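**Q** Sharing a structure below in structure tokens format, with a few things to ask.
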Amino acid sequence: MIGFSLSHLFLFYFSLQGVLSNISSITDLGGFDPVWLFIVTGAVMFILGFAGCIGALRENTTLLKFFSVFLGLIFFLELTAGILAFVFKDWIKDQLNFFINNNVKAYRDDIDLQNLIDFAQEYWSCCGAHGPNDWNLNIYFNCTDSNPSRERCGVPFSCCVKDPAEDVPNTQCGYDVRLKLELEQQSYIYTKGCVGQFEKWLQDNLIVVAGIFVAIALLQIFGICLAQNLVSDIKAVKANW
């Protein structure tokens with residue numbers, strides 16, 4: 001069982017590494033590798049957990065104060081990020097468009113990225129950033145006369161409307177579909193863009209998403225209060241010695 005779990009963990013790691021490596025190459029992050037974001041996040045969680053646990057067990061006020069201040073700083077940064085995301089939501093939307101379009105261009109360059117795009121299009125029932133014609137950005141799917149690809153004027157199979165009777169997906173269902181009229185396309189593929197579908201998903205699940213963020217914030221505030229209360233109790237006990 002342990003060997004089975006470890007093997008799947010390694011497969012997941014290398015798959016994630018491939019996706020992140022491709023993402024870093026198609027975004028304008030100035031050479032920043034997203035893998036470092038996961039490493040830093042893990043390091044911060046370890047430091048916080050270590051400081052809080054050891055501080056409480058050993059009644060070390062220095063570690064407890066560090067835990068409290070560090071957790072308060074993270075809460076402040078999250079609050080700031082939330083406010084900035086609301087204020088600059090149009091900029092974030094533009095960046096999302098840029099990101100998806102670059103993913104469309106690199107669709108055939110990496111199998112992990114390809115699977116990620118297919119999952120997103122199937123999950124949100126969408127195709128491209130704003131619609132199927134965004135696949136003109138990809139050299140295999142564009143409709144230019146000079147394109148020799150069999151997938152010319154088509155879309156990936158993940159854009160296709162699924163037939164409940166089919167157990168195995170038809171990977172050629174998107175061939176030549178964009179040669180049809182737009183009304184005809186709706187019978188074969190999803191014609192809504194992923195940006196709009198993602199926004200709709202957020203609106204439909206706004207209560208759930210907001211509830212998760214509020215729950216995380218409350219847990220952080222609760223942790224800060226507990227740490228401060230424990231520091232006060234330790235100081236009160238020491239003062240009576």
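Just so you know, the numbers here start at 1 and follow the chain as drawn.
Quick reminder: no glycine exception, Cβ is built from N, Cα and C everywhere.
According to TrEMBL:
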{"type": "DISULFID", "residues": "Cys126-Cys159", "note": "disulfide bond"}
{"type": "DISULFID", "residues": "Cys127-Cys143", "note": "disulfide bond"}
{"type": "SIGNAL", "residues": "1-21", "note": "signal peptide"}
{"type": "TRANSMEM", "residues": "35-57", "note": "transmembrane segment"}
{"type": "TRANSMEM", "residues": "69-88", "note": "transmembrane segment"}
{"type": "TRANSMEM", "residues": "206-231", "note": "transmembrane segment"}
**Q** For the transmembrane segment (206-231), find every same-chain residue at least 6 residues outside the stretch whose CB is under 8 Å from a CB in it, and list them.
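**A** Answer is 52, 55-56, 59, 61, 64-65, 67-68, 71-72, 74-75, 78-79, 82.
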**Q** Using all protein chains in view, find how many other C-beta atoms are within 10 Å of the C-beta of Cys126 (disulfide bond).
**A** 27
**Q** Drop a 10 Å sphere on every Cβ of the disulfide-bonded residues Cys127, Cys143, Cys159 and tell me which sphere holds the fewest other Cβ atoms.
**A** Cys143
**Q** Could you state the whole-number distance in Å separating the C-alpha atoms of Cys159 (disulfide bond) and Cys127 (disulfide bond)?
**A** 5
